[in-house]
Amino acid sequence: MGTLIRNGSAHFEDKNVYASNVMPQKIRPTAEGLSSRSSMTWQSSVYRSIKIVIFSTKLNLLMPFGPLAILVHAFSGHNGWVFFLCLLGITPLAERLGYATEQLAFYTGPTIGGLLNATFGNATELIIGIYALRNGMTRVVQLSLLGSILSNMLLVLGCAFFAGGLVFYRKEQVFDKASATVNSGLLLMAVMGLLFPAVLHFTHTEVHYGKSELALSRFSSCIMLVVYAAYLFFQLNTRKDSYVPLTEVGYCSKLKADDDEVPEITKFETIVWLSIMTAWISILSEYLVDAIEGASLAWNIPIAFIGVILLPIVGNAAEHASAIMFAMKDKLDISLGVAIGSSTQISMFGIPFCVVVGWIMGEPMDLNFQLFETATLFITVIVVAFFLQEGTSNYFKGLMLILCYMIVAASFFVHEDPSSERGPKT
């Protein structure tokens, strides 16, 4: 019996020894396993990020036109086709740049997110403007920024009002008048900043001819940048809840839904995609700017029409789609923020920023947008301010804004810019 017990215990000890020798081999990870697992995780993360950023929207089908524009420029040199293909190629990049900025705002908070929005919200227009300034094409910079304001205020807002009015044709859609009034005031201040240099130039009342106009423009630009910074601080900190229309159940539901939203990509991925999109837009913008004059000659279209009407299509494609989508969901405050907010950004931040950049580069970029262009902007701001004063919208108001934009487009099609680098038509 004792022998049996000893044999049994010895047999049990043998099993324990065997188990102690075998079990650690089953659970001990190897270096190769860790390496392959981390490699698979990294690959799946990259694949997921590319799938979300590149393949989540049909607008990205236009991305191949960017490399195609470079190939056409290299082998044929046809500026008309290069310009057209660059327009198509930059359009989805501008939309994805806005998406990456929104994702980064999840990690930075509202204040830094507002500053990022001011920087990257109209980054496409600013990049094109900087390349045009570097080439000495200050007039193209003025026309493209002016066209972006006109496009947002008339075409984008008009299409939003029209589409929302057709979906909700039995009622008038409402939006917050307080926010619209503040943005209208900022736009009128921008008009004032552009009006005085033009009046000073055309009345020939400068103290120092050719210098006072430029000095006034640079001083006014610095003031406008300070005002825009104060506006951001006021909106994001001092009275960040003052423009929330509490009577609108739909908008309040949107605010609650926004609180539950989470970012779709990581912070590192967001920074990487911002860098990639900005670099690619910069490359295509250089080809776009170089092809403007050639496209004007090839198509027999004034540079003023290209700058005011065609170039804003690139930067405003994403805003156009977003404004219409939110208006059709009866979230008109968001549509108004997209259209009028973008116009405010360009007029109070984009234009003075380009003046300061031109100052640094030694280029005489000023706020004298010429009499015809300044008058067009002034009338547009007044018309839109009248449409916004009631705080309601319908499809008829949207139709009138769209038709107003068609009048503006036709006016610039027959307008020959006196200061165009292309010179008079032959």
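Note: Cβ is positioned from N, Cα and C throughout, glycine not excepted.
Per TrEMBL, transmembrane segment is recorded for 52-75, 81-99, 111-133, 145-169, 181-203, 215-234, 271-289, 295-315, 336-361, 367-388, 395-414. If you look up TrEMBL, you'll see 81-236, 271-412 marked as domain 'Sodium/calcium exchanger membrane region'.
Scored on C-beta pairs under 8 angstroms, the neighbour of the transmembrane segment (181-203) with the top count among 215-234, 336-361, 395-414 is 336-361. Counted with DSSP, the domain 'Sodium/calcium exchanger membrane region' (271-412) comes out as 121 helix, 2 strand, 19 coil. The transmembrane segment (367-388) is in contact with the transmembrane segment (145-169), judged by 3+ CB-CB distances under 8 Å for residue pairs 6 or more apart in sequence. Long-range contacts of the transmembrane segment (52-75) within its own chain (CB-CB distance under 8 A, at least 6 residues past either end) are made by residues 81-82, 85-86, 88-93, 95-96, 99-100, 264-265, 273, 280, 283-284, 287, 291, 317-318, 321.
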